[in-house]
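Take a look at the following structure, please.
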């Protein structure tokens with residue numbers, strides 16, 4: 001009889017003490033690469049050090065080791081996020097007028113930074129109301145704090161300290177899970193377990209605990225605040241949690257406890273889990289009871305989703321089975337093989353996640369103004385504009401990142417020998433049809449959308465307004481968009497009988513919410529001007545997609561360079577002696593895609609900024625007459641290129657240009673400085689490497705003459721490095737210019 005040892009119940013998924021902690025190694029620059037660790041011969045060394053420090057693929061080809069490094073780096077990232085959050089809360093506690101703002105949010109602006117007087121910069125401390133002098137902030141933190149029920153600066157202090165503790169914990173975890181207990185590759189590849197934990201844990205329990213916090217703490221505190229009770233008189237959060245009678249005074253059904261839940265008499269909870277739609281007329285934000293209901297519903301969905309995948313118990317879905325079953329009559333092998341790709345190539349996985357996160361970030365941008373979630377957010381125009389702009393830029397960058405990592409996957413991780421007739425292979429085989437059609441769409445959109453504007457500029461110059469495309473002459477109404485708006489406006493009582501108001505006031509109708517004499521939100525009319533600019537959006541988005549998709553689909557090979565995969569992700573040209581092959585690497589497509597992403601997002605935020613100032617934001621008189629900031633000039637002015645230049649860029653830049661000597665003068669300086677940074681980029685983008693190498697050599701000659709030549713030989717930037725420096729300064733300069741322009745304008749007039 002053979003006696004077998006019993007099977008271990010739990011699989012050991014970590015290695016103990018795999019890598020010793022060595023400060024000596026960390027202190028040696030480039031310890032991850034034999035070449036770089038030798039130290040610098042030329043100045044190119046410092047660029048290679050930066051380029052490769054986080055390119056874990058180049059340090060080792062062992063997927064387990066790469067996975068551990070990425071995992072550990074994520075903890076470092078979380079630590080930095082907690083540190084940043086702690087800093088934000090600390091500023092709120094130590095340097096802000098939060099308590100004053102809380103007592104009168106319609107007349108007092110949010111500020112959490114007071115400039116010290118050293119050489120006269122105290123001019124930046126403007127009067128934000130209530131006798132407080134500081135820099136007006138537009139981050140939306142005050143509104144979030146009020147929505148979460150924070151009523152004092154002491155609470156902000158405590159939260160800041162808590163975030164610091166978490167930052168330290170994350171740093172420790174990053175070290176621990178690389179040096180002490182590092183997960184095995186199998187753990188990183190166990191996607192079912194990962195899905196269950198992330199869905200049920202992070203999203204499910206995360207939403208549930210937030211819903212719980214909202215019901216037990218935020219709602220009662222905000223009830224009191226909305227009624228005008230002094231924050232100091234309001235019971236503290238723990239009193240609401242521990243004393244049910246306090247809550248029952250505000251929401252009588254609380255007295256019944258969990259009985260309605262177990263007797264399925266759920267409508268009893270409708271007081272604090274509501275389904276109202278629209279905005280709270282006191283704060284101009286969504287009803288917090290709607291938000292609590294939403295998070296509870298989301299929590300239940302994700303808790304169910306987190307129990308769908310098969311792990312130790314042999315029941316539930318397997319991702320591999322789902323993907324392999326996913327094929328249609330025209331898609332060959334369908335998603336067969338995708339499971340292997342996504343569990344062995346983190347670039348492929350990251351690409352997918354970046355594309356989805358980037359898209360949802362842009363969705364967030366569009367919801368923050370149309371369904372403003374926090375109290376008094378809607379009347380803080382600077383914050384509204386900042387949040388929209390911020391989320392648009394972030395979304396754009398994430399989507400370009402998706403294309404970048406898709407291309408890296410194609411070059412480094414794609415194995416054409418094992419992939420046949422699955423969806424990816426089929427897309428690659430008809431890439432010429434895809435790219436040429438997309439190119440045609442771009443040309444069509446570009447000529448037609450720009451052509452409409454040029455027509456209008458010409459007719460305007462010839463004094464023929466009756467021949468222009470406009471709401472008062474030849475109309476091009478966005479009838480489909482208007483139909484969508486109307487459908488949503490009519491939804492309460494039709495398709496959504498339970499709702500009292502439509503999801504957003506922007507859809508239409510006659511409702512207007514004003515808070516403290518300022519418009520929070522009203523129906524947004526769409527007309528010919530919007531039709532024109534939306535086609536510019538379509539054009540710029542399609543060109544961005546064309547560039548990025550071409551980079552991905554031709555990353556491994558093309559007719560011009562059949563062996564492109566051997567040259568890697570980034571290379572300047574296909575070697576000397578082969579002209580006309582520069583700027584074809586996958587990296588160069590990302591480089592070019594960034595410029596078009598910048599174009600696309602710029603037009604979007606310009607459209608938003610002007611449209612809101614013209615048709616939404618403004619003041620309302622006692623008689624109910626609305627006066628918009630720019631008096632509704634969008635519909636007639638934005639239909640010509642000249643109108644955009646004259647009535648938007650030039651007219652609205654007057655605040656930033658004339659900001660000197662006022663508390664907004666920092667924006668004037670940033671406006672100037674960021675223009676300079678942007679112009680500086682052109683020096684890198686429009687200049688050849690040889691020019692600089694010649695210049696450097698004559699400078700080195702002079703140093704040798706004076707016997708002050710350094711041991712490290714100076715070198716001109718490589719072609720790729722020069723373009724990287726160029727695009728970085730182009731984007732940072734452009735974004736900072738826009739930021740200064742927007743904020744100086746909206747803080748002055750909003």
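Cβ atoms here come from the backbone N, Cα and C positions, even for glycine.
These figures come from a predicted structure and were not determined experimentally.
Straight out of Swiss-Prot:
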- 573, 582: [4Fe-4S] cluster binding site (BINDING)
- 675: chlorophyll a' binding site (BINDING)
- 683, 691: chlorophyll a binding site (BINDING)
- 692: phylloquinone binding site (BINDING)
- 70-93: transmembrane segment (TRANSMEM)
- 156-179: transmembrane segment (TRANSMEM)
- 195-219: transmembrane segment (TRANSMEM)
- 291-309: transmembrane segment (TRANSMEM)
- 346-369: transmembrane segment (TRANSMEM)
- 385-411: transmembrane segment (TRANSMEM)
- 433-455: transmembrane segment (TRANSMEM)
- 531-549: transmembrane segment (TRANSMEM)
- 589-610: transmembrane segment (TRANSMEM)
- 664-686: transmembrane segment (TRANSMEM)
- 724-744: transmembrane segment (TRANSMEM)
Which is it, of 691, 692: the one of these binding-site residues whose Cβ has the most other Cβ atoms within 10 Å?
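Counting Cβ neighbours within 10 Å, the top one is 692.
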Who are the chain neighbours of the transmembrane segment (70-93) in space, where the CB to CB distance is under 8 Å and they lie at least 6 residues beyond its ends?
54, 56, 112-113, 139, 141-142, 145, 153-154, 156-157, 159-161, 163-164, 166-168, 170-171, 173-175, 177-178, 183, 188, 346
By a Cβ-Cβ criterion of under 8 Å, what residues six or more beyond either terminus of the transmembrane segment (589-610) are in contact with it?
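Result: 369, 385, 388-389, 392-393, 395-397, 399-400, 403-404, 407, 530, 533, 536-537, 540-541, 543-544, 547-548, 550-552, 583, 630, 634, 638, 644, 648, 652, 723-724, 727, 730-731, 734, 738, 742, 746.
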Is it possible to get the count of other C-beta atoms within 10 angstroms of the C-beta of residue 683 (chlorophyll a binding site)?
13
May I ask for the distance between residue 683 (chlorophyll a binding site) and residue 573 ([4Fe-4S] cluster binding site), taken between their Cα atoms and rounded to an integer number of Å?
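A Cα-Cα distance of 21 Å.
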Of 573, 582, which of the binding-site residues has the most Cβ neighbours inside 10 Å?
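Going through 573, 582 one by one, the largest Cβ count within 10 Å is at 573.
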Using DSSP and collapsing to three states, where does residue 582 ([4Fe-4S] cluster binding site) fall: helix, strand or coil?
coil
Which range out of 156-179, 195-219, 291-309, 664-686, 724-744 gives the transmembrane segment (385-411) the most CB pairs under 8 Å?
724-744
For the transmembrane segment (156-179), what are the same-chain contacts with Cβ under 8 Å, counting residues 6+ beyond its ends?
17-21, 68-69, 71-76, 78-80, 82-83, 85-87, 89-90, 92-94, 98, 145, 150
With a Cβ cut-off under 8 Å, give me the same-chain residues at least six positions beyond the ends of the transmembrane segment (195-219) that come close to it.
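Tertiary neighbours of the transmembrane segment (195-219) are 147-149, 237, 240-241, 247, 250-251, 272-273, 288-289, 291-292, 295-296, 298-303, 305-309, 311, 319.
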Take the C-alpha atoms of residue 692 (phylloquinone binding site) and residue 573 ([4Fe-4S] cluster binding site) and report the distance between them in angstrom, rounded.
19
List, in sequence order, those binding-site residues among 573, 582, 691 whose Cα sits within 10 Å of the Cα of residue 675 (chlorophyll a' binding site).
none
